[in-house]
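Engineer: A single structure is presented below for examination.
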Amino acid sequence: MALTQVYWDHHIPLPKLTSLQAKVTVALVALLCFCNSYDGEFVFDDSEAIVNNKVAGIVGRADLLCALFFQLSFLTYCKAFNKGDFSVHWVAVSLLLCAAAMLCKEQGITVLGVNAAFDVLLICNVNVYELSQRLLFRKNSLFSEILSMGLLRRLGLLGLGGISMLYSRWRIMGTGPPAFTEVDNPASFEESILIRILNYNYYYSLNAWLLLCPWWLCFDWSMGCVPLIKSATDWRMVWLLLLWCFLLGLIGQALCSQDSQRRRTLTLGLVLLVVPFLPACNVFFRVGFVIAERVLYLSSAGYCLLTHIFLLLALTLALLCVYVARCALRSQQWRSEQSLFTSALSVCPLNAKVHYNVGKNLADRGNTTAAVRYYREAVRLHPTYVHAMNNLGNILKEKNELIEAEQLLSKAVSIQSDFAAAWMNLGIVQNSLQKFEEAEQSYLNAIRFRRKYPDCYYNLGRLYADQNRHVDALNAWRNATVLKPDHSLAWNNMVILLDNLGNLAQAELIGREALRIVPNDHTIMFSLANVLGKLEKYKESESFFLHALQINPNAASCHGNLAVLYHRWGKLELAKKHYELSLKLDPEAAGTKDNYNMLLRKLDQLKRKTA
């Protein structure tokens, strides 16, 4: 779709711009083709990576929506100039679409800069080089003519809209910048300004290469993925020089080209390339990443426009086909966590987070031996990576390698003292090592740093139960159910403990309360049925046993205890049936064997009496 043809009846006659507008539109449409070639971001919780492993277009939906509203804002601003008239209404629509783009991603506000450049370069037909020369030598006639065309009023509207959006953002989200760590953006934490500048420029060159050749794609570029340049003799300095030679060449062409159409197209292409990237360039504020492929979505429009200038149409189409193929391949890698994480190993082998996520995926699929190897590599690459230590400690705990697990988890909490999940896992390991006082303190530390932590209260209750501190155990489990009403393990343990203490009436009340909240939990039904059986409420007990077996028909213990109920109740044939079902499911159950043999003797005695 071509943009609306632009005319303006003022002092400077304007040419027909349909050709250039069509090129810009093609570039903006091609932008969406590039978007799916790049990756989204990941979000990390205490002990595991939470990954949206949908297709690339879903994981990056905020960036895609931002790109869409960015384009619409630009196109509606172009629409404001129609048949010599300037429409404030279309500018207002453009500003609203800009606000929508900014709500999706803050980067969307840069469309205001693109709109302003479009106005100056295409509407006012300004030769930037000539204007700078006239201003330098105090020849202001051209400048006065431009202002007389209403440019100042239009730029004022854009400026006012931009200030309003920034103020709204400040009111909603506050003034404080986000807190980032050194692993997120190590160059920004360097004390030497020179080293920071060198590394920022190296990051720019890598981003430029990703635009040109999006082959090295990775879901995360932090944690040592891009080693810092520490010296001017580093061979990677060549890429910085190539980048700036290329950019300076483009700027020279944009300023000095004799072809006015080519000059304006080049300038607008550079604006589309550079302006959307400015929020990610570390110049105005620190950003929380080394490279984020998603920030190149909008800059891709400028790249497409520049490519269209320098390449023939056939070469442009061929390049587009290559990018579409790369997009399809990358989307295939996004179809599963395994393929996504594994693909990153070849791109960023020094990234501890990549190894962590590969290990996490392997552990989730049951391959803990391989997971341990990747977790160890993550810790080796980043010795203070507490999440990797926590997950590695959990696996070692399951393998009964308790000493090393305790060492890892102790190191994790010494590095990050408020790491609640690691404190809880350390408590579990210490409990297994029978270090009860240390375990209790670890659980209390976890609760101190995360007050609403039902699983920790549950584990603390187990510790108290092992120490025969029954009241403390019941209180801990009650806290767990208050924080998480459907915490079935805590409910079940309360019923079992009260049953073991002989407090059957309280056990029955707790069991019934639990089933009102988690009505289909077969373990609580089983425990409550045992209590009701001891209270000689055989009919209710039978009902709960049978309901539990409907949910989990292969529970040998449930068949066995139902058989005991029938045995006490005098329904001996039913008891025999369920004893046999229980032994079929678990032939090694000694108690069930003894009860079954006792029943057989009783049945034999009854047969003799009747005979």
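Glycine is no exception: its Cβ is also placed from the backbone N, Cα and C atoms.
Pasting the feature list from TrEMBL:
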TRANSMEM  87-104  transmembrane segment
TRANSMEM  111-131  transmembrane segment
DOMAIN    176-247  domain 'DUF1736'
TRANSMEM  200-217  transmembrane segment
TRANSMEM  237-256  transmembrane segment
TRANSMEM  268-285  transmembrane segment
TRANSMEM  305-325  transmembrane segment
REPEAT    352-385  repeat 'TPR'
REPEAT    420-453  repeat 'TPR'
REPEAT    454-487  repeat 'TPR'
REPEAT    522-555  repeat 'TPR'
REPEAT    556-589  repeat 'TPR'
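Context for these features, please: burial, neighbours, distances.
Structural biologist: If you look at the transmembrane segment (87-104), the same-chain residues 6 or more away from its ends with a CB under 8 A from one of its CBs are 62-63, 65-70, 72-74, 76-77, 79-81, 111-112, 115, 154, 157-158, 161-162, 165, 168-169.
Among residues of the same chain six or more beyond the transmembrane segment (237-256), those with a C-beta under 8 A of the stretch's C-beta atoms are 128-129, 198, 201-202, 204-206, 208-209, 229, 262-263, 266-267, 270, 306.
Under 8 Å from some Cβ of the transmembrane segment (268-285) lie the Cβ atoms of residues 20, 24, 27, 70, 106-107, 110-111, 113-114, 117-118, 121-122, 177, 185, 187-188, 196, 200, 203-204, 207, 250-251, 254, 292, 295-296, 298-299, 301-303, 305-306, 309, all in the same chain and six or more residues away from its ends.
Note on the repeat 'TPR' (352-385): DSSP counts are 27 helix, 0 strand, 7 coil.
Away from its own ends, the repeat 'TPR' (420-453) comes close to residues 46-47, 386, 389-390, 393-394, 397, 402-403, 405-406, 409-410, 412-413, 459-460, 462-463, 466-467, 483 of its chain (Cβ-Cβ under 8 Å, at least six residues beyond either end).
Long-range neighbours of the repeat 'TPR' (454-487) within the same chain, counting only residues 6 or more positions beyond its ends whose Cβ lies under 8 Å from a Cβ of the stretch, are 420, 423-424, 427-428, 431, 436, 439-440, 443-444, 446-447, 493-494, 497-498, 501, 514, 517-518.
Remote same-chain partners of the repeat 'TPR' (522-555), defined as residues 6 or more beyond its termini with a Cβ less than 8 Å from a stretch Cβ, comprise 488, 491-492, 495-496, 498-499, 504-505, 507-508, 511-512, 514-515, 561-562, 564-566, 568-569, 585.
Here the repeat 'TPR' (556-589) has long-range neighbours at 522, 526, 529-530, 533, 538, 541-542, 545-546, 548-549, 595-596, 599-600, 602-603, 606, meaning same-chain residues at least 6 beyond its ends whose C-beta is under 8 angstroms from one of its own.
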Engineer: Which residues of the chain, 6 or more past the ends of the repeat 'TPR' (352-385), have a CB below 8 A from one of its CBs?
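Structural biologist: Tertiary neighbours of the repeat 'TPR' (352-385) are 48-49, 51, 183, 218-220, 222-225, 337-338, 341-342, 344-345, 391-392, 395-396, 398-399, 415.
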Engineer: Which residue counts does DSSP give the repeat 'TPR' (420-453) for helix, strand and coil?
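Structural biologist: DSSP composition of the repeat 'TPR' (420-453): 27 helix, 0 strand, 7 coil.
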Engineer: Which numbers of helix, strand and coil residues does DSSP report for the repeat 'TPR' (454-487)?
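Structural biologist: Output for the repeat 'TPR' (454-487) reads 27 helix, 0 strand, 7 coil.
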